[in-house]
Amino acid sequence: MTRLPAPTRLDPVRTRWEPAMRLALAEAALAPATGDVPVGALVLAPDGAIIGRGHNEREAVGDPTAHAEILAIREAAKVVGEWRLSGCTLVVTLEPCTMCAGAIVLSRLDRVVYGALEPKTGAAGSLWDVIRDRRLNHRPEVVSEVLAADCTTQLHAFFDGHRE
Ligand SMILES: [Zn+2]
């Protein structure tokens, strides 16, 4: 299957999430201060309020599970007061890995919106599709490649900086 680049105009499904994705990009920009790959995530309540945010802190705290999505989901669950995040949306700058896809399903989020595709490890449509696996009872909606070019550029800038 040939993938066409996602249009950023005349695309109501994706355009709706662009403001939230810009905030997730700003959250991701905090990660490189600790040598972490810039990935940022937000959890939005059903009314659109931000109830969780996180950026990759794997290097910062020496924890292999400290991915942006996990941190944002934990914060949101604290705010909501329970583990179910029904009605909520997770917005993340990079396609989730298998661990985060699992956490997304378990937290009963309604929707996942992500930016850059991750062909090597992505579990939301690229390498696997854990989130929309038909064998699961709960399958969140997935909106992929929102501001994908901006998200990819942020990641490339980080890795280019490391090579120099
Ligand atoms: Zn992850």
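Glycine residues also receive a Cβ, built from the backbone N, Cα and C atoms like all the rest.
TrEMBL: automatically predicted annotations, no manual curation.
Record features (TrEMBL):
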| type | residues | note |
| --- | --- | --- |
| ACT_SITE | E69 | active site, proton donor |
| BINDING | H67, C97, C100 | Zn(2+) binding site |
| DOMAIN | 15-127 | domain 'CMP/dCMP-type deaminase' |
For this session: Could you state the whole-number distance in Å separating the C-alpha atoms of E69 (active site, proton donor) and C100 (Zn(2+) binding site)?
Result: 6
Exercise. For C100 (Zn(2+) binding site), which residues in the same chain are close in space, meaning a Cβ under 8 Å from its Cβ, but six or more apart along the sequence?
Worked result: H67, E69, I70, V92, A123
For this session: Starting from each candidate's C-beta and looking 10 angstroms out, tell me which of the recorded positions H67, E69, C97 has the most other C-beta atoms.
Result: E69
Exercise. Setting H67, C97, C100 aside, what same-chain residues sit with their Cβ within 8 Å of the center of the Cβ atoms that define the Zn(2+) site, listed in sequence order?
Worked result: A68, E69, I70, P96, T98, M99, A101, A103, A123
Problem set entry | Average model confidence [pLDDT] within the domain 'CMP/dCMP-type deaminase' (15-127) | 97
